[in-house]
Amino acid sequence: MPSRLRKTRKLRGHVSHGHGRIGKHRKHPGGRGNAGGMHHHRINFDKYHPGYFGKVGMRHYHLKRNQSFCPTVNLDKLWTLVSEQTRVNAAKNKTGVAPIIDVVRSGYYKVLGKGKLPKQPVIVKAKFFSRRAEEKIKGVGGACVLVA
């Protein structure tokens, strides 16, 4: 017959909670967690977790993990890296000095060529430029400056 209560609710008020008398349902008989993986739990670790212990291969000292780190930004997002005021001033005075956008200061290394640039010259500083990006920047009368 199904019961309305879970077993734990039924056992409320019974001191041992179904685990016998003194010290029968003991604390951590095999140790806590992964204890004894190389000793009393060896069979389990060998069977179900082969290769858990030990080392393989050689260590690479002074390994540079982020050699290929190169965050990119597209041309259509280029003007979002400078303030609104700079953008407005550059649009107003067409013959004046071209604004400088340093993408490295904004955390990007490479400029990619997706999107269109407004028809006003701009000087872009970056570590890398894609071919299309360089063509488009020079197409609006701007310049690409490589920085280390």
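Keep in mind that glycine also has a Cβ here, set from the backbone N, Cα and C atoms.
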Among S16, S68, S130, residue with annotation phosphoserine (source: Swiss-Prot): S68
Pairwise Cα distance for K47 (N6-acetyllysine)/K55 (N6-acetyllysine) [Å, integer]: 18
Tertiary contacts of the region 'Disordered' (1-37) (same chain, 6+ residues out, Cβ under 8 Å): 45, 52-53
K47 (N6-acetyllysine) - helix vs strand vs coil (DSSP): helix
